[in-house]
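Q: Okay, handing you the structure first.
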Amino acid sequence: MSKFIEPSVEEIKLEKVYQDMGLSDQEYEKVCDILGRQPNFTETGIFSVMWSEHCSYKHSKPFLKQFPTSGDHVLMGPGEGAGVVDIGDNQAVVFKVESHNHPSAIEPYQGAATGVGGIIRDIVSIGARPINLLNSLRFGELDNKQNQRLLKGVVKGIGGYGNCIGIPTTAGEIEFDERYDGNPLVNAMCVGVINHDMIQKGTAKGVGNSVIYVGLKTGRDGIHGATFASEELTEESESKRPSVQIGDPFVGKKLMEATLEAITFDELVGIQDMGAAGLTSSSSEMAAKGGSGLHLRLEQVPTREPGISPYEMMLSETQERMLLVVEKGTEQKFLDLFDKHELDSAVIGEVTDTNRFVLTYDDEVYADIPVEPLADEAPVYILEGEEKDYNTSKNDYTHIDVKDTFFKLLKHPTIASKHYLYDQYDQQVGANTIIKPGLQASVVRVEGTNKAIASTIDGEARYVYNNPYEGGKMVVAEAYRNLIAVGATPLAMTDCLNYGSPEKKEIYQQLIDSTKGMAEACDILKTPVVSGNVSLYNETKGTSIFPTPVVGMVGLIENVNYLNDFEPQVGDKLYLIGDTKDDFGGSQLEKLIYGKVNHEFESLDLSSEVEKGESIKTAIREGLLSHVQTVGKGGLLITLAKLSAHYGLGLKSSIDITNAQLFSETQGRYVVSVKSGKTLNIDNAIEIGLLTDSDNFKVTTPYTEISENVSDIKQIWEGAIAQCLTTQD
């Protein structure tokens, strides 16, 4: 008789306990068919987390298959802890983005901190040393105190974990809209570097080889975290605070160093982070990838307190844990290593040839499940979508007050400088950061070389909402442009798809169309998808977030020398590359004036993106340009103001466009500064101005002139977010 009091198999069926765990009636019946019997409590819990949306991608898997996943540089694509891309000289870059949205909505500090910790371990599990962190964040408007609390907690959590573990946070983006009220998006990305011969895989193979647990002792925190992340947020979600994991960056640092030492041991067979679904997902996935079975003896698992049941052990998401498979007879070598790093560790099982996932506690069987159906045969749902009616009418922007509009946009938190927040992150630890947060992309030197990795993270929402297909293309192209802007060659990308409930026809259609657009852009821009994450059911009280695909992209800079003087100077001429059109659908201007975004916008020419990108990259590397800035949120006037304010330079510009077009967000445009004495020869590049040593920012069109002090613009732009957070307290 079991020493743990749990519902019987009959009670699980009759009282539909499985529904509380996240399984539908049909899914429960499929589990019964797989087992040839009714599952017990532990088995039901295991299937519920492995078949959750968060772990199985059961609503999104068909769309993910559209993405190109191979390329000249790709060494390892989706299916492992992170993607791996060649950067030459027997080196590779390892990277991935993950969401921690639901936990951050309930417990913002720990939700964000453990999101950072988890993505770091994904990179480390491949064998790479992390070199930088990035994040993409979304919150409701800051006139709401709950949103302020969430923002403060998330930023502190990101900084608290990253700073303690010693990895710089070098890039990110933050936007604000009421559609994220109560449902923030917290997407964390990590980048690492590794030698080819050190690349690890999460596989369990070799009959008789041992399974080793290392890291924090297992507690009851985070139980059913994967299931929680697959549900809509409701008023009852606050009661699921125990589903939010607790991070310990100091143990995380020890675990990282110990793991990076363990991968140098030839006797290591496979390794995987215990992330979502904890010991369940890590062990069963390793067995599936190895074509093996596993027998875990759960009484050997290090636990934080007595009485933790097999069900709780398997579903706990206690942080800072890794699972290793090592050659039989070499266990002590690894245990001694972990003891040296003051980490708890234990041999908890072995690899078998049964292709079954067997769990025992004091010789009593608590689970006996075939590996492949558990890990690879979750049901896949293809639902019915419904096209949104696009508004093809045109709003009137002919009578806007340019100065008033300019300052309102400049101080909106989405456009305002994020330095008040980024200053809470350690941006320089490791001393290899070349370009810090706040510009187009971060650049981190590969230690001991003259190479650097450029990385960026970008999300799109309003445009995806207005036209999912075109918006999907745009988010990939935006990341591509940001890497071009620092002279990098884009290599590959990772994605995080943040959407509402796929069971709603319009949202399901958004998934269909936006991923189609993303896949097309990936193909044309030659940026294959090597890793990723899906976060669905981002809804609060029945209201969905904007569909928000996020793209993390990395690029290679073969020689960083050209960045030594890559900074705009007095006397540099300014050029605009790309046409400016009446493009206001989905823009900050449309939202400001009309209070909503629901109009169409120009389609994106991806072939033109490649042509412009290659020309600009060449000009940067030939030493012609001192700065490149993409024209983004708020349009050209805002872009020029941010350039002037960031560098404290005067600016004088004359542009032949309308007043409204100053705020147009036509895609595919760059503002570049050409070094004094140099000549720019790029098609469709128009000279628009000059950088000066004055305190004057002056932009004229045939219809208006705006002339302001740079110092005033800088004060408003840099102080807006701090003012929002202090005046509302």
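Backbone N, Cα and C define each Cβ position, glycine as well.
I grabbed these lines from Swiss-Prot:
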ACT_SITE  HIS54  active site
ACT_SITE  HIS100  active site, proton acceptor
BINDING   TYR57, LYS96, ASP495, GLY532  ATP binding site
BINDING   GLU98, ASN533  Mg(2+) 1 binding site
BINDING   SER99, HIS100, ASN101, HIS102, ARG121, GLN245, GLU317, THR318, GLN319, SER535  substrate binding site
BINDING   ASP122, ASP273  Mg(2+) 2 binding site
Q: So which one is it: of the recorded positions HIS100, ARG121, which has the fewest other Cβ atoms within 10 Å?
A: ARG121
Q: How many other Cβ atoms sit within 10 Å of the Cβ of GLY532 (ATP binding site)?
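A: Summing over all protein chains shown, GLY532 (ATP binding site) has 24 other Cβ atoms within 10 Å.
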Q: Test of understanding: give the count of other CB atoms lying within 10 angstroms of the CB of ASN101 (substrate binding site).
A: 25
Q: Considering the binding-site residues GLU98, GLU317, ASP495, which residue's Cβ sits among the greatest number of other Cβ atoms within 10 Å?
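A: Answer returned by the neighbour count: GLU317.
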Q: Mind computing the max CA-CA distance among SER99, HIS100, ASN101, HIS102, ARG121, GLN245, GLU317, THR318, GLN319, SER535, which the record assigns to substrate binding, rounded to whole Å?
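A: Spelled out: the longest distance between any two Cα atoms in SER99, HIS100, ASN101, HIS102, ARG121, GLN245, GLU317, THR318, GLN319, SER535 is 20 Å.
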Q: Out of the binding-site residues GLU98, SER99, GLN319, give me the one sitting nearest to ASP122 (Mg(2+) 2 binding site) by CA distance.
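A: Closest by Cα distance to ASP122 (Mg(2+) 2 binding site) among the binding-site residues GLU98, SER99, GLN319: GLU98.
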Q: At the Cα level, what's the spacing in Å between ASP495 (ATP binding site) and SER99 (substrate binding site), rounded?
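A: Spelling it out, the Cα of ASP495 (ATP binding site) and the Cα of SER99 (substrate binding site) are 10 Å apart.
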Q: What are the non-local neighbours of LYS96 (ATP binding site), defined as same-chain residues 6+ apart in sequence with CB under 8 A from its CB?
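A: Residues satisfying the criterion: GLY81, ALA82, GLY83, ILE119, ASP122, ILE123, MET189, CYS190, THR494, SER531, GLY532, ASN533, GLY552.
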Q: Tell me which residues of the chain lie with their Cβ under 8 angstroms from that of GLN319 (substrate binding site), as long as they are six or more apart in sequence?
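A: THR114, GLY117, GLY118, LEU216, ASP221, GLY222, GLN245, ILE246, GLY247, ASP248, GLY252 - these are the non-local Cβ neighbours of GLN319 (substrate binding site), listed in sequence order.
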Q: How long is the line from the C-alpha of ASN101 (substrate binding site) to the C-alpha of ASP273 (Mg(2+) 2 binding site), rounded to the nearest angstrom?
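A: Answer for this pair: 20 Å between alpha carbons.
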Q: Between the Cα atoms of TYR57 (ATP binding site) and GLU98 (Mg(2+) 1 binding site), what distance do you get, rounded to the nearest Å?
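A: For TYR57 (ATP binding site) versus GLU98 (Mg(2+) 1 binding site), the Cα atoms are 14 Å apart.
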